[in-house]
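Q: Grabbed the feature section from TrEMBL, which reads as follows:
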BINDING   13-20, 81-85, 135-138  GTP binding site
DOMAIN    4-273  domain 'Tr-type G'
Amino acid sequence: MTIPSRRTFAIISHPDAGKTTLTEKLLLEGGAIHLAGEVKARGANRRARSDWMKIEQQRGISVTSSVMTFERGGIVFNLLDTPGHEDFSEDTYRTLTAVDSAVMVIDAAKGIEPQTRKLFEVCRLRNVPIVTFVNKVDREGRDPFDLLDEVADALALDVCPMSWPVGMGGQFEGIFDFASGTLRQPTGASKEFEGKAATFSGLEDAGLAGALSADGLARLREEGELAQGGYTSFDLAAYRHGDLTPVYFGSALKLFGVTELLDALSAYAPPPREQPAEPEAISPERPDVTGFIFKVQANMDPQHRDRIAFMRLCSGRFKRGMKLTPSGSGKPMAVHSPILFFAQDRELADEAYPGDIIGIPNHGTLRVGDTLSEKADVRITGLPNFAPEILRRVALKDPTKTKQLRKALDDLSEEGVIQVFYPEIGSQWIVGVVGQLQLEVLISRLEAEYKVEAVLEASPYDTARWLSGSDAALKGFTDINRSSLAKDRDGNPVFLAKSAWDVGYQQERNPEVKFSATKER
Ligand code: GDP
């Protein structure tokens, strides 16, 4: 079977770096939308349909990751949106488990910002290859060498500049592409890229003098030579292994660097990768269908408990109506109305291939981390839970609702909305999240779906670690730390820590015990 080429990727960035703008321009370039500005507008309309998602309207942010698909040059691109707000949730992290590569957008004036780094760390867990896009060169920015060095130092990556900005801000005269010798330049009052491009034999080409100011030319020659000589040259294997990042300079707003970025993704970004699984890894060439759920979006309609589970297809050729068995329930289900997320609209999917994402409507049978398979003989691994960064005690307004609360917390943690911890001592349950927003979602869903009114109270804990090790080592630790111990939903032992320092301290004193910041589901 030949597999149509797929590039399944996400954009990681700090808020305001330009992810939305770049997304629009990529979709525009890919022909998926015709007017820039549609991404946010359309999203807002769609979201208006759901009730608890009011939170996201009020706060003007997107709780839910969506999927955008477009085709260019015979390649199908699946762009998975990772919510970019500071209050991101585990969904953001998990979305990155469903991609084969990522684009890291950096604001040229700001460099690496906290959220870029966090998301990068998640990519690194799985060696997800990263293409870097330094955005906003049409504005005054930092020295490009500084930016490259910062990426290299802060993220411990080899960097390879693939293109170079001739000046920035008021001095910006274009972007020079090293490999092809193409110079793309701004035109008109808007200073956008409107197709003004010429190709030269290299930095020494005399023709460049006709295109650039004397200053601009001198600068490009000097900096360009240093840039090419001073950094590692591009190495496909190192990129695909997540050790090297090619760096493109551009301006999403003015359409610079967008074509180059798509060309790079087409040429270098990996097609669907092998997925870690038991009993053995799943190759995309495998003929039978396998996939995993990386996200569940609940309550699209609050009157019904329907959900959309997002499945990343790992192997086989999916056809509508096909029977797949979820690893959670073990009961085969026919997938009659799968959804493909085209940028234009949601469309009913007839077929999908490895690397594609399909939405499967269900009533709560599908859980995050479930493997779906034709033969029910595999389990895809590597979808972790991430250590929560916010821990709160749950208190009931009506104490007779304990049973309902327990059920709700178990359900919602299985769905991946929150994590729940049941302390060894004391009766107050603890919920953990990685972003504040998840707490608001929790409270509104408890009320809307479970008719449970609860409040969240401060807890003395700052983070949690899953414990593993030999029985003796674990017992040694747990015997003296009982007051900081809890069980997660599956009964695994968890250490509730007062601070990251606390984790380090305990780790030092208990070298035989493993304190894990992630747990595989
Ligand atoms: P996001 O939060 O990462 O999705 O960022 P947005 O795409 O919403 O962009 C944040 C702001 O930066 C908006 O005002 C954009 O118009 C602006 N912006 C994005 N890209 C560029 C660019 O290349 N140049 C300039 N000058 N502004 C940009």
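Positions of Cβ are set from backbone N, Cα and C atoms, glycine also.
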Q: Can you list which of these binding-site residues (SER13, ASP16, VAL137) have a Cβ closer than 6 Å to ligand 1?
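A: Within range of ligand 1: SER13, ASP16.
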Q: So how many other Cβ atoms are close to THR82 (GTP binding site), meaning within 10 Å of its Cβ?
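A: Counting Cβ neighbours of THR82 (GTP binding site) within 10 Å gives 24.
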Q: Which one of these binding-site residues has the most other Cβ atoms within 10 Å of its own Cβ: ASP16, LYS19, VAL137?
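A: Its Cβ has the most other Cβ atoms within 10 Å: VAL137.
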Q: Given the model, what does the mean pLDDT over the domain 'Tr-type G' (4-273) come out as?
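A: Across the residues of the domain 'Tr-type G' (4-273) the model's pLDDT averages 86 on the 0 to 100 scale.
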Q: Can you tell me whether DSSP puts LYS19 (GTP binding site) in helix, strand or coil?
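A: SS state of LYS19 (GTP binding site) = helix.
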